[in-house]
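Participant: My structure is below; once you've seen it, I'll send some questions.
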């Protein structure tokens, strides 16, 4: 019996068992899933049942998963698990099981969706059951999915597998009459004719497809038609398809290459087949087998034997290459633990890993955050691969780069840096620099990332950064709001034309400009992009949202739809965020309502949190509470935190205490919720409660983050804390700030002493407010910034209300625009007003 790993359960100090979604996903054995199930029932954690279904599916226990599904209320978001069970059954070669699951769904009142029907239709096709397929077709029509292109394509394929070519053609014609046909529709009908030996009809349909400019053939189309050419000996047709593949770059696809080799061999044009085989950059076992079979077929036995021996010598089948490919496949899909399991099986078969195997394995460990297993791979590399005699130093570097990447992504930045420093400066390549810079940038060490990037550019043996290096450096600039450095990188990007070929660099530029307070340049970058993808649109929309330009964000959303981009859940999170931070209450409510009805996007906890934030900022706390009570899932900490934040703004202590209580039950060790509650009590002059909260924080080990503000200038980044007097120009800073405060008091500024959260008199509170870090940063910036130049300040937590008010007044009397970025959004102060319009 499999044992339960110690890490499988984590116990709190009280002994209470904590079962998390991530731990459920780690279930690899049925006994683990059963033990978890038992604990869920004992603790009454009903919200974990859906994740438990996934654990049972992972453990290949579909019967247990089905029993749990039978207990759930039929809801759209839970339908995923029925589809997951069907997908598993199809992949396991169990079509009958798919049909049983489909019937069971209907019996329990679940409504299939457009993902369900393709699985069911595929099962009917694999069973070659026309009767069952036609019955499912009737259900499709009655359910209203006969206008869905994915379902219709599955119907064409099913009828083809059932040899009902008339029905397949009729279904295909209906798809195009409705105007929803695509390249998959063409591929399905060509495949239907091809699989049933109707070669002439297959060629006819392919010919029609070539004339349809709206659905150009893809690699799968060519793989469909090339066997038809070969089987009919139509070498001229085959050569035309080969030419099309070369012109469109499909000849580099291994499947297309294999199909071309097979076509020429069946047409007995072995010289052409051998030439294509020799030109193939990537060959698999099918490629080799096709040539061996072809040589045998035409009687060239010596060539066939020679190729076979070559295969044996190169160990094509189930050798290290095969295993490495499987491991790499899992790693690239983020399935790190699966990659680790395959690696263990490989060692069990007595096959020694190579460099590619280890690099792929380390990538898998990185994607899974499996630091312990990554260390095991490191040990194996030291013992068996690294520093071997006659070893290729480039291969050693590949492994070391993989180790740096693994440690960095597993948050072992110190170890990653040690590995990086072990490489001789002249031996480091662009990958070495990029993975280390990226590791720093991804884990919030932006200063270290930019310092290392600067070292990379200044090294003696200059390593030219690539597009990935640029993206990592821009990510660090965005984190710091380092506009000056970001612009320097942008200039480098333009000079080296990284932005013209790689959209993700331009996307990072948009993000950097947005987070550095220059939304105008972000729009310019966006406008100049030749290829815009989903991230491009979302990044710009998010930028307008964080700057309080809600209407501009909505316009980007409308433009995005006009070009055919389909909004998803992420889009609506960004959209609702923009509405919340711009006071667009009615628009936010409308989009939240429309996202399911018009776009088919089911709201998640993140969407509900945005709505609670939107309503909370507007003071509609009762509506926010009602929305939380109506949530179809358990409210997450961010939902309650959003409600608590709204209560802090509007001074509703009663609801705030309720939200804080719910947060404490979630055992969230976060200083933000305690700070908000403490501030709310302070505003209400409930100093005993303030003391109680601070006592709780002290004795639970929760520390409040100190307020910190920094300014980017010619001399680099200058940082200030509350009451900071370390700067050499400290006296000038405080004198200027005192002068500014006196001047704005004369035009109406009154210190908001409610933000000095200490039980002292108003005069002392005013002195405390005077020393806030953002005010000190502003005074320093005024001293060091040329007149008319915008001042850019970044603060690590939300700006204080009094500082916000003071900066609004100060912007009246200085010749600078003040651009302040806090932990929530941007504030643009100019001529006595702020862009946030009070929604902050």
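Including glycine, each Cβ sits where the backbone N, Cα and C put it.
Copying in the features that TrEMBL gives for the protein in this structure:
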type	residues	note
REPEAT	78-112	repeat 'PPR'
REPEAT	182-217	repeat 'PPR'
REPEAT	284-318	repeat 'PPR'
REPEAT	319-353	repeat 'PPR'
REPEAT	429-459	repeat 'PPR'
REPEAT	502-532	repeat 'PPR'
REPEAT	533-567	repeat 'PPR'
REPEAT	568-603	repeat 'PPR'
DOMAIN	748-840	domain 'DYW'
Participant: For the repeat 'PPR' (78-112), how many residues does DSSP put in helix, in strand and in coil?
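Facilitator: Residue counts for the repeat 'PPR' (78-112) by secondary structure: 27 helix, 0 strand, 8 coil.
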Participant: Provide the three-state DSSP residue tally for the repeat 'PPR' (568-603): helix first, then strand, then coil.
Facilitator: 25 helix, 0 strand, 11 coil
Participant: Can you give me the average pLDDT across the domain 'DYW' (748-840), rounded to a whole number?
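Facilitator: Mean model confidence (pLDDT) across the domain 'DYW' (748-840) is 80.
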Participant: Treating G and I as helix alongside H, and B as strand alongside E, what does DSSP give for the repeat 'PPR' (182-217) in helix, strand and coil?
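Facilitator: Output for the repeat 'PPR' (182-217) reads 26 helix, 0 strand, 10 coil.
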